[in-house]
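Heads up: the structure comes next, in structure tokens.
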Amino acid sequence: SHSQKYIIRVRNDLKPSIFSDVEHWYRSTLRSLSSSLEFQRFEETDIVHVYKTVFHGFSAELTPQQAKLIKTRQEVLAVYPNRLLQLHTTHSPQFLGLINDNNIPNPNGLIEESDYGSNVIIGVLDTGVWPERGSYSDNGLDSIPSHWKGECVEDHNFTKSHCNKKLIGARFFGREWSKNGTPYSSVRDSDGHGTHTSSTAAGSKVINASLFGFAPGIASGIARKARIAVYKICWSYGCFTEDVIAAYDKAVEDGVDIISFSAGGNVRLYHADPIAIAQFGAMENNVLVSASAGNGGPYAASVGNIPPWITTVGAGTIDRRFPSDLTLADGTVLTGESLYGGQALPQKTLFPLFYAKNTSANSTKGALCMPGSLEPKLVTGKIVICERGGSIPRTKKGEVVKNASGVGMVLVNMGDMGESLVADAHIIPTVAITVSTAKKLFSYLASSKDPHATIVSRGTKLNIKPAPVVAGFSSRGPNLYSKSIIKPDLIAPGVDILAAWPDGVGLTSIPSDKRNTEFNILSGTSMSCPHISGVAAMLKGAHPDWSPSRIKSAMMTTSYIVDNAGKHILDEATYNISTPWDYGSGHVDPEKALDPGLVYDLSVTDYIDYLCALGYSEKKIATITRKMVSCKKGLKAWDINYPSIAVGFNQTDALKYEATVTRTATHVSKDASTYTVKIDNPPDVLVTVEPSKLEFSQKEQKLSYVVKISAKKFGYPTSVFGRLTWENGKHFVGMPIAVTQS
């Protein structure tokens with residue numbers, strides 16, 4: 001099992017005092033417990049510190065099982081995990097700059113101004129909830145916001161008493177599907193995804209959280225006093241559109257302020273997508289929808305949940321990783337990632353390495369470690385190298401290796417997977433490695449007659465640079481159905497996020513995985529979406545009169561594109577510079593979004609004009625908006641007052657292409673202010689802005705400006721990117737510019 005440091009508090013009233021030789025006592029204790037399997041290999045564990053003055057005891061490295069056994073000794077008063085208490089384990093509130101190293105919010109910052117979003121309700125449309133988790137405790141919460149009109153629907157293993165001032169509402173949709181192999185025909189979560197996302201958005205503070213000792217500290221949702229209403233729309237088979245729409249409908253009726261939607265399907269034209277239409281209705285009712293961009297990256301045009309009236313969220317890394325080493329017999333150490341928390345391989349024993357490609361008649365099936373592809377006679381007692389990919393989950397490959405009597409697994413990225421890694425809670429000792437690291441491994445295999453290695457977990461590592469990096473899996477633009485909207489809108493933490501997890505649900509998708517834990521670490525745009533839901537909830541709490549488009553604008557225009565190493569944000573798949581098709585406007589910066597300076601407002605009329613400009617017929621527009629409209633002539637789709645700019649040109653014989661784009665900024669700070677424009681031109685493009693200065697005399701004043709974009713002929717279909725920023729000395733109101741020739 002994964003070992004970590006523990007602090008052992010011992011009694012000091014025993015005769016003779018164990019302090020005369022604490023190390024001797026410790027070794028003899030280990031020996032006396034060595035009949036337990038957990039201790040047979042650990043008699044050499046060293047004491048790190050001995051405490052004799054203000055705290056009587058010592059610290060040592062143990063597995064969780066060993067710590068539990070030592071705790072049973074009469075000499076021991078208590079055993080404490082060695083926790084980093086100043087860190088949040090989602091660690092994202094800290095990475096987002098909402099709190100400092102001592103868990104203290106910034107003075108006059110977003111947390112204080114919004115009281116952690118305490119008067120805001122987040123509706124989470126997902127797989128349900130496990131209400132017993134500490135993340136749903138209502139300790140310290142005031143009464144339920146008066147605008148709440150919803151309820152807690154009782155059914156199988158879920159009663160009204162499971163709701164409280166934190167979990168204020170619970171409904172489920174798709175009752176007829178609930179009998180299809182699902183343990184609970186109620187809002188209770190039998191999958192884990194919904195418990196994880198809702199606690200990420202607004203979970204209460206839980207101390208001593210971790211997964212097998214990984215990511216130790218305090219777990220907290222982003223808006224930890226915001227209220228949660230759960231709408232279960234997904235069952236073991238997936239989520240049906242009819243249930244999704246019913247949930248949107250009910251959530252808005254119930255009085256939610258924010259909808260968090262970490263699901264999606266194939267992209268369709270707006271009028272042909274009932275979910276996009278339901279999202280339009282939510283926007284009309286002043287409800288912000290935060291939705292995941294999808295996990296189809298690093299491929300271009302893979303972005304989902306694309307309507308301009310919702311906030312589409314991609315995923316970035318945070319400055320925390322879970323390194324795991326593959327130590328080769330020649331002394332080379334290849335570092336990857338893993339969240340394996342079971343019995344570790346002995347560090348001083350090396351095991352034969354076996355490439356699964358060499359196992360069966362079908363080398364492709366073997367290389368991917370598909371079920372039934374590994375021959376036990378070739379694999380027994382070996383660390384097996386499996387290629388990532390195929391129609392099989394990463395953790396399932398470990399089960400295939402285990403069933404064939406392998407002792408460990410190296411999961412290698414191939415081809416387009418590049419440098420993108422995801423840490424998984426594997427069921428056997430495993431290390432996942434990138435394409436560049438895999439090249440070193442394959443070189444060793446080719447040069448060694450008898451390749452051997454072992455796998456060593458390195459626990460939790462913080463202050464990783466560079467971060468954020470756009471996650472390799474995060475879906476990318478351009479948006480297939482409109483070149484005049486950059487999607488995703490922005491990115492947020494979505495890699496290795498720790499949040500609550502239900503009882504009785506394995507940590508992986510493997511049926512044989514029966515491990516039970518209060519928290520799990522997951523990656524995906526499903527995890528980044530609730531971060532934005534939580535930030536939006538706090539912005540709504542601080543500015544109750546702000547519309548969804550204003551909240552979105554504040555988050556987008558204050559986003560950053562420079563990482564913690566001072567360089568432009570990179571793309572994890574290639575470690576090249578990323579672009580607005582990857583990160584949208586940038587990475588969310590919640591504190592700056594509290595006071596964005598300027599915002600770009602959008603109304604229902606603006607969206608209708610946009611649909612007209614795209615060429616939607618009046619009948620199709622009525623399908624979306626329930627309004628009969630008469631489209632004005634000469635509208636341009638890129639004139640929608642969006643907080644980013646995207647123009648597209650069809651290549652012709654022209655030597656130069658020109659577009660004129662209009663934007664209207666609203667001044668939302670208190671005092672009069674003058675902004676000047678700064679332009680970073682895209683390659684081969686000249687951007688000019690008229691006027692180049694905006695002089696605001698009062699709050700809520702609106703001023704328009706025109707952006708003229710002149711592009712040379714690129715010679716081949718491509719997109720180039722620049723940036724436009726309005727500055728007044730305090731505020732930096734930025735927006736990306738994408739220019740595409742096709």
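The backbone N, Cα and C atoms fix where each Cβ goes, glycine too.
What TrEMBL says about a protein is an automatic prediction, not a curated fact.
A quick note: this is a predicted structure, and the numbers were derived from the prediction, not measured.
If you look up TrEMBL, you'll see 5-88 marked as domain 'Inhibitor I9'. In the predicted model, the domain 'Inhibitor I9' (5-88) has a mean pLDDT of 61.
Positions annotated as domain 'Peptidase S8/S53' by TrEMBL: 117-566.
Of all Cβ atoms in the protein chains displayed, 29 besides its own lie within 10 Å of the Cβ of D126 (active site, charge relay system). Look at TrEMBL and you will find D126 (among others) tagged as active site, charge relay system.
Positions annotated as active site, charge relay system by TrEMBL: H193 (among others). Within 10 Å of the C-beta of H193 (active site, charge relay system) we count 22 further C-beta atoms, all protein chains included.
Under the heading domain 'PA', TrEMBL lists 369-441.
The active site, charge relay system annotation in TrEMBL covers S526 (among others). A simple way to gauge crowding: the CB of S526 (active site, charge relay system) has 26 other CB atoms within 10 angstroms, across all the protein chains here.
Per TrEMBL, domain 'Subtilisin-like protease fibronectin type-III' is recorded for 639-739. Across the domain 'Subtilisin-like protease fibronectin type-III' (639-739), the DSSP tally of helix, strand and coil residues reads 1 helix, 64 strand, 36 coil.
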Cα distance (Å, whole number) from H193 (active site, charge relay system) to S526 (active site, charge relay system):
8
